[in-house]
Amino acid sequence: MSWRPQYRSSKFRHVFGKAATKESCYDGVPITCSVQDNNFCAVNPRFLAVITECAGGGAFLVLSTGKVDPHHPRVSGHRGNVLDVKWNPFNDYCIASCSEDTTVKVWEIPPHGVLKNITVPWKELQGHSRRVSLIEWHPTANNILFSTGYDYQIMIWNLDCSEQVIKNPVRTISHHADVVLSMSFNTDGSLLATTCKDRKVRLMEPLSGNLLQEANCKTHKASKVLILSNMKMLFTSGTSRWNDRQIALWDQDDLSVPLLAENLDGSSGVIFPFYDPDTHMLYLAGKGDGNIRYYEISSEKPYIHYLTEHRSHLPQKGMGVMPKRGLDVSSCEVFRFYRLVTIKNLIEPLSMIVPRRSESYQDDIYPMTPGNRPALTAEEWLGGINKDPVLMSLKPGSQVAQSYSEMNKGLGNSLDTRRSQSRPGMLQLAYIQDQLGTKDGKEDSGHTGEERSQTAVSNGEDLALCSPPRTENELRLKFHKQQEEIRRLRELLNQRDVRIKQLELEIKNKNQSISQQLL
C-alpha cells in the first residue's frame with residue numbers, strides 16, 4: 001500500500017494580512033511607555049481609544065481621524081497612569097478605564113468625538129486598595145463590569161444605579177494568591193477563566209464566585225487565557241520551564257493535563273492570543289514582534305492547525321481588535337487588528353482577508369455573530385439568569401435580531417447603538433454625497449420612532465458624525481475617495497451587465513435546442 005500525504009481542506013488556508021495605507025493609519029500618537037502586558041488599545045466601529053504617555057496623571061485618546069494633533073483633547077480624569085481601556089460592547093459611546101490610582105472610571109464620549117478635555121466621568125468605581133490592572137465587560141449582560149488589580153481581588157460592578165461614585169461592588173472573588181494576568185468569558189458569560197502570577201489557571205462561575213477547576217501544570221506557566229466556547233476548550237499562552245514561549249490547549253472539563261503543549265520560539269515578549277469563534281481561527285501576536293501567526297482550531301487531534309503568518313519589520317507593543325460588526329464584508333475581511341508601533345508613534349490597521357474573486361456577500365465566512373444588543377439586564381443577570389448573546393447578520397441591509405428584553409435603564413439606552421460598519425479614522429464624505437444625491441444607508445426597522453428620525457447612514461457611515469474638511473488636502477482626499485467608490489460601483493454594475501447578457505444568451509440557446517428537439 002503506497003503512502004499518501006494527508007491534506008486538510010480549509011477555506012481559510014490562504015488568508016493574508018493587508019496593512020492599511022499611510023492615509024488610513026493613525027500617525028503622531030504618543031503611545032504609553034508602560035511595561036504592563038496589556039493591549040493599551042480598544043476599538044469599536046465609531047472610535048479608537050489608545051493609552052498615551054503624559055505627565056501629571058493618566059490619560060487616553062479617543063480618535064476618529066488619522067493624523068493626530070499633538071494638542072488633541074484627551075480623557076484625563078485619572079490621577080495615576082491608565083493601565084487598561086475597554087469599550088462597552090453594547091454602547092459605542094461608553095468606555096471604561098482603570099488606573100494606578102486604584103479607581104475604575106466609566107466615561108461618556110460625545111457622538112462627535114472628544115472636542116475638549118474630559119475630566120469628569122459618568123461613573124467612578126472605588127473599591128480596590130491597590131492599582132487596577134485589568135477590566136472586562138460582561139459579554140451578554142448590560143452594564144456589568146469586572147475589574148482586578150494588585151490587591152488580588154476580582155470585583156463585579158453594577159452600573160445600573162443612580163450613584164455617580166460606587167464604592168461597593170456587588171460581588172468580590174478572592175480565589176487568587178497573586179496578581180491576575182488575564183480574564184476571559186465564555187459565550188454566555190456563565191464561566192470565567194483567569195491566569196495568575198502563581199502559574200495557575202482557574203475556571204469559575206463569575207456570578208456565584210464558585211471555583212470549578214484549577215490547573216497547576218509545572219511545565220507550563222500561563223500568562224494569557226481564552227475560553228474557546230464552541231470547542232469546549234481553554235487556550236493559554238505563556239512560557240515553558242526553559243523559558244521558551246509556549247502555547248497550550250486544555251479540555252474545559254479536565255484541567256489536570258493539557259491536551260496539547262507546543263513551543264513557539266525563544267523570544268521573551270508576551271503572546272497575545274485572539275480567537276474568532278465564527279471562523280475557528282486563532283491569532284497569536286507577540287509583544288515586541290513584527291509577525292502575527294494564525295491557526296485554525298478543530299475538535300479532533302492535532303487540534304491546532306498552522307495556516308501561515310503575517311510579517312512586518314515594525315514591532316508591535318499592543319493590539320486593538322475591531323468587533324465583527326465593524327468589518328468590511330465587501331472585501332471579505334474576517335478580522336482586523338490595530339497594531340501599536342511605538343518606534344514610529346503609529347497605529348497601523350491590519351486586515352485579515354479571505355481571497356475571493358466575487359464581490360458579493362460570502363455567507364460561508366460570515367455566520368450569525370454577537371451584535372451590539374444586550375441579552376440581559378444587569379438585574380436579570382444578578383438574579384441568576386444566563387442567556388446566549390443576541391446574534392446579528394453582517395450582510396449589508398440586514399437587521400439586528402430582537403433583543404431579549406427592553407433595555408430601559410442605564411446610559412446605554414440614551415445613546416444610539418445602531419450597527420455601523422464605518423471604520424475609525426475614515427474621513428467623512430457627506431458634503432460630496434449630498435451634492436451627488438446619494439443615500440445608501442438604511443436604519444434598522446427594529447428601532448423606535450425616535451431612532452428612525454435620526455440621520456441616515458451613507459456609505460456605511462453616520463452623517464451625524466460628518467465634519468467639513470479643514471484643509472485643502474482633506475478636501476482633495478475626500479474627493480478622491482468618493483471617485484474611487486464611484487469607480488468601484490461602476491465596475492460592479494458592468495460585471496452585472498455582462499452576467500445578465502451571458503444568462504440571456506444561455507436562455508436563448510436553451511430555447512433553440514428545445515425547439516429543435518420538438519421538431
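Along the chain as shown, residues are numbered 1 onward.
Glycine is no exception: its Cβ is also placed from the backbone N, Cα and C atoms.
Database features, via TrEMBL:
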| type | residues | note |
| --- | --- | --- |
| DOMAIN | 5-69 | domain 'DUF1899' |
| REPEAT | 75-109 | repeat 'WD' |
| REPEAT | 125-167 | repeat 'WD' |
| REPEAT | 173-214 | repeat 'WD' |
| REGION | 435-467 | region 'Disordered' |
| COMPBIAS | 437-453 | compositional bias 'Basic and acidic residues' |
| COILED | 472-513 | coiled coil |
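The repeat 'WD' (173-214) scores a mean pLDDT of 94 in the predicted structure. Distant neighbours of the repeat 'WD' (125-167): 36, 38, 80, 83-86, 88-90, 96-106, 173-174, 176-180, 182-183, 185, 187-189, 192, 194, 206, 370, 374-382, 386-389, 407, 409-412; these residues of the same chain sit at least 6 beyond its ends, with a Cβ under 8 Å from one of its Cβ atoms. Counting residues of the domain 'DUF1899' (5-69) by DSSP class, helix then strand then coil, yields 3 helix, 23 strand, 39 coil. Counted with DSSP, the repeat 'WD' (75-109) comes out as 0 helix, 22 strand, 13 coil.
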